[in-house]
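Engineer: Here's the feature list from TrEMBL:
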type     : residues : note
TRANSMEM : 181-203  : transmembrane segment
TRANSMEM : 245-271  : transmembrane segment
TRANSMEM : 277-298  : transmembrane segment
TRANSMEM : 319-338  : transmembrane segment
TRANSMEM : 350-373  : transmembrane segment
TRANSMEM : 394-427  : transmembrane segment
TRANSMEM : 433-461  : transmembrane segment
TRANSMEM : 473-492  : transmembrane segment
TRANSMEM : 504-532  : transmembrane segment
Amino acid sequence: MREPQMCNIVCKLKLDAQSAKEFKEKIDDEYRVNMILDNLPLVVPIKRPDQDSTVYQLGFHVGLKGQYSGSKEEKYFIHNHLSFTVKYHRDLLTESARIVGFEVKPFSVKHEYDGNWSENTRLTTCDPHTKHTVVNSNTPQEVEENKEIIFTYDVEFEESDVKWASRWDAYLLMNDDQIHWFSIVNSLMIVLFLSGMVAMIMLRTLYRDISKYNELETQEEAQEETGWKLVHGDVFRPPNNSDLLCVYVGTGVQFFFMILVTMIFAVLGFLSPSNRGGLMTAMLLLWVFMGIFAGYAASRLYKMFKGTEWKSISLRTATLFPATVSAIFFVLNALIWGEKSSGAVPFGTMFALIFLWFGISVPLVFVGGYVGFKKPAIENPVKTNKIPRQIPEQAWYMNPVFSVLIGGILPFGAVFIELFFILTSIWLNQFYYIFGFLFLVFAILMVTCAEITIVLCYFQLCSEDYLWWWRSYLTSGSSALYLFLYATFYFFTKLEITKLVSAILYFGYMLIVSYAFFVVTGTIGFYACFWFTRLIYSSVKID
């Protein structure tokens, strides 16, 4: 600490055909070398020509491609000299210092020395005794078979005014907050538009409808009813595959609470990027503990559908979603293993995950299921007829597939700009830390999902189609389809991924994300619609 080094020799390497080829591949694919000092990642400061600001690039490139002046041939050069700058903040009382910055300038230098190579060889290109150090890459080191590469480094210590507590601020500089505000305003427009529609429906239509329905005295008038009141005897009839609906709603509730609590922690600053992997760990643990809500929500709904087997519904809620995700994850992990990558999740961690799932999550789902099933069933505001009513011919725009696909566009539109930043930070190796914005966007997403589902559900009931249970879930859930399509578009326009395994990894992970998004948005839409139908049918007098 605080002892500058100059031209320290790390090692001398002679390239064989294989290692030269591998270095070239890494330079072609723009691989970066990452280092960490005192939990600070290594950065390369890059001056922006248009502004006076400095941008930090995480890690330094292995090397670069270029041509010698006067020649057309592309050569590969390796960064073999690293000039580190360690910034420290001195404590005035004790004279000890803390590290607050870790920067590097990489150079490519063809080192030379006299005589034979030994332990004590002095380089002529970089010598601490003559104060001769590397300041540019004018004589770069080529990557070719049988070339000798000598790796060297300098360390220089620089005092800094940055306090230790705020040393991460430089990494998390916001360069584009206008875009975020733009996206929020854009999303708020969608929300206002939808809120207006919902308010119109609620006030004008319902008020008029309910007062009209409640004034009907004579029998003839009662027979001429139209609109949503006609289906009051069928609107709470349990849907087909009602068990599966319960499972999905339970999973969605579990996810919703996980996201909510994670975001609250993140907004309060508990999950800073300086704590590597903190976000993932928090999400996994919360997911496991929120199982109790999943079991409760699933079994409440199940009991309302006159179900009796609360154990089977709890088991399915505890296993359906995690099993699907685990299956995809195992396949992806096997592929990473096949590539001999250090990014693979080791067996021990896999085992710990499975223990979390079966040891904590499953029992909690059963606890929630038991509690939910013990409570009295949710009473429907109107009685259900014995015989299902026939659904009249529907207009083309009320076709289930069409209305479900339309329903997903607005929730996706509300979040898609923020989505771009999240994808960039995941796949292009940047920090994502704007949790305040993300929280706002999540709130907007919730409102949009709820409102679009209510509007479409109302139109559906007015055209005497009472099969709203699944459709309400799918209407807002279909935004996940657009999410996946956008991820595909992002893959082809923004990322330069050529390896098959990398592409499979990308789409595998995006599939998991889209599936989770489907479950959350679908559940929000479902509950909004459930509340809405109960509200309107409890306010009419039915003979």
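The backbone N, Cα and C atoms fix where each Cβ goes, glycine too.
Just so it is clear, the model here is predicted, and its values are computed rather than measured.
Just tell me what is around each of these and how deep it sits.
Structural biologist: Within its own chain, the transmembrane segment (181-203) is flanked in space by residues 410, 413-415, 417-418, 437, 440-441, 444, 447-448, 451-452, 454-455, 458, which lie at least six positions past its ends and keep a Cβ under 8 Å from the stretch.
Taking Cβ pairs closer than 8 Å, the transmembrane segment (277-298) reaches residues 246-247, 249-251, 253-255, 257-258, 261-262, 265-266, 270-271, 313-314, 317-318, 353, 356-357, 360-362, 364-372 in its own chain, all 6 or more past its ends.
Listed by sequence, the residues of this chain that lie at least six past the ends of the transmembrane segment (394-427) yet keep a Cβ under 8 A from its Cβ atoms are 176, 179-180, 182-183, 186-187, 190-191, 194, 434, 437-438, 441, 444-445, 448-449, 452-453, 456, 459-460, 463, 465, 467, 471, 474-483, 486-487, 490, 494-495, 506, 521, 525.
Taking Cβ pairs closer than 8 Å, the transmembrane segment (473-492) reaches residues 245, 248-249, 403-405, 407-412, 416, 419-420, 423, 449-450, 452-453, 456-457, 503, 506-507, 510-511, 513-515, 517-519, 521-526 in its own chain, all 6 or more past its ends.
Using a Cβ-Cβ cut-off under 8 Å and counting only residues 6 or more beyond its ends in the same chain, the transmembrane segment (504-532) has close neighbours at 245, 248-249, 251-253, 255-256, 259, 321, 324-325, 328-329, 331-332, 335-336, 407, 411, 427, 445-446, 449-454, 457-458, 468-469, 472-481, 483-484, 487-488, 491, 495, 497.
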Engineer: Taking a Cβ cut-off under 8 Å, which residues six or more beyond the ends of the transmembrane segment (433-461) line up next to it in the same chain?
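Structural biologist: Tertiary neighbours of the transmembrane segment (433-461) are 172, 174, 177, 180, 183-184, 187-188, 190-191, 194-195, 197-198, 201, 205, 227-228, 231, 235, 259, 263-264, 266-267, 271-273, 398, 403, 406-407, 410-411, 414-415, 418, 421-422, 468, 471-472, 475-476, 479, 521, 524-529, 532-533.
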